[in-house]
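Everything below concerns the one structure shown next.
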Amino acid sequence: MYKIDFNNPIHIHFIGIGGISMSGLAKILLSKGFSVSGSDSHSSALTDELIGDGCLVSVPQSAGNITNDIDLVVYTAAIHPDNPEFKAAKEAGLPMLTRAELLGQIMTVYKNAINIAGTHGKTTTTSMVSEILLAASMDPTISVGGILNSIGGNTRVGGDNYFVAEACEYTNSFLSFNPTMNIILNVKEDHLDFFKDIDDIRHSFKLFTEKLPSDGTLIINTDIDNYEYFYQDTDCEVITFGSDPAKSMYSASDIAYDELGRCTYSLLINGEKADTITLGVPGLHNVYNSLAAIAATRKLSVDMEHIKAGLSNFKGTNRRFEKKGTFNGVTVIDDYAHHPDEIRATLSSAAHYPHNRVWVVFQPHTYSRTKLLFNEFADALSHADKVVLAKIYAARETDTLGISSADLCEKIKSLGKECVYIDNFEDIEKYLLKNCINGDLLITMGAGDIYKVGEDLLK
């Protein structure tokens with residue numbers, strides 16, 4: 001693998017520079033004196049911002065963008081081998097790195113590289129850690145998978161002491177990283193188009209733990225089945241958090257909710273009350289996300305007052321139980337949930353939010369996930385009062401598994417719940433306008449483009 005010398009900046013070209021993660025990495029390299037160019041299929045606010053920062057951005061992509069002065073090419077997993085720039089770079093014999101490989105090398109510049117991993121909660125917990133470090137004026141560099149309002153995007157270029165990064169397991173991306181601290185929030189079945197089964201996923205997270213140096217730190221949830229497995233072959237420091245104070249260094253008690261579902265709780269350290277924490281985001285799941293953030297930042301020597309301030313300041317990221325507005329007295333929430341556990345967590349948050357009936361407008365994400373977690377999806381969605389299903393969002397897949405949203409609709413109805421399947425957004429919007437009433441809570445849910453339904457209703 002090509003090794004970047006950060007003391008000798010070179011010209012790096014990004015294929016697909018308009019992506020939220022790629023654009024952030026480009027900004028970090030620009031701040032370190034590198035010459036950066038890139039291309040994408042279309043212009044966007046992100047590419048315009050990069051141009052303003054001094055980056056040469058070409059639209060559309062073409063072989064001619066691979067010029068003789070380029071020293072290294074970076075590409076994402078989404079780039080197909082027949083992409084004209086990918087082919088041209090290969091033919092020119094240029095060194096090439098994936099996005100994950102580049103991110104891993106960038107981490108080596110920082111004294112503390114904090115990676116937040118898990119099937120669920122990565123974006124939120126990465127944001128919580130970031131908000132705490134910002135509250136403590138520790139000038140972190142941040143790479144998060146959502147829009148964090150306090151930094152005006154998904155990336156913040158800070159000093160060289162702290163790099164906070166969301167670490168995704170898909171295609172084993174996080175195995176290219178170079179962490180000094182890893183947080184593992186949970187390990188569940190997901191991305192089964194890549195992983196064989198839950199054992200394969202667990203093995204990947206174990207390898208992720210083994211990336212830590214002997215003086216590194218693992219922060220892990222004791223609610224994960226056989227959590228000791230992940231660090232049995234490492235000699236790094238282990239700090240635990242979870243629901244059981246008997247086996248967790250960090251836990252919570254006396255959890256209470258305000259009128260918007262936001263939690264206040266007693267922080268327990270080694271079973272003893274240490275402080276009272278108030279969160280700025282709703283949901284029981286965020287209590288446990290915050291415990292991980294507290295464990296990480298206390299290890300980084302942040303005092304409790306700054307920890308409490310950071311957690312209170314954090315009001316959420318885009319598409320994580322995000323209030324969009326109201327129409328006809330109906331409150332519209334948008335959420336990225338696309339896994340049964342995430343759906344349950346979102347509906348748990350909704351239970352503490354003022355509402356008459358809870359509507360979920362769900363767009364399943366990928367055929368493989370829908371097929372493999374079919375019964376779990378039906379069970380999770382059955383906890384809503386009313387369910388509307390959109391077509392499956394294919395993403396990177398084609399329909400070869402014989403599964404549809406209509407099948408899921410029938411399964412939900414067999415559980416005694418009201419559910420309809422409507423195959424286009426326009427008719428979904430008409431149905432909701434006709435059937436939602438004053439005081440209802442409407443949640444658009446999924447990792448695709450279902451958020452457009454809520455936005456259209458609010459126009």
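Just so you know, glycine gets a Cβ as well, placed from its N, Cα and C.
The shown structure was predicted, so the numbers you read here are calculated from the model rather than taken from an experiment.
Lifted from Swiss-Prot, the feature list:
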BINDING   Gly118, Thr119, His120, Gly121, Lys122, Thr123, Thr124  ATP binding site
Which same-chain residues, if any, lie at least 6 apart from Lys122 (ATP binding site) yet have Cβ under 8 Å of it: Ile116, Gly145, Glu166, Ala167, Cys168, Leu185
Residue among binding-site residues Thr123, Thr124 with least C-beta crowding, 10 angstrom cut-off: Thr123
Non-site residues, in chain order, whose CB comes within 8 A of the mean position of the CB atoms of Gly118, Thr119, His120, Gly121, Lys122, Thr123, Thr124 at ATP: Ile116, Thr125, Leu185, Asn186, Asn289
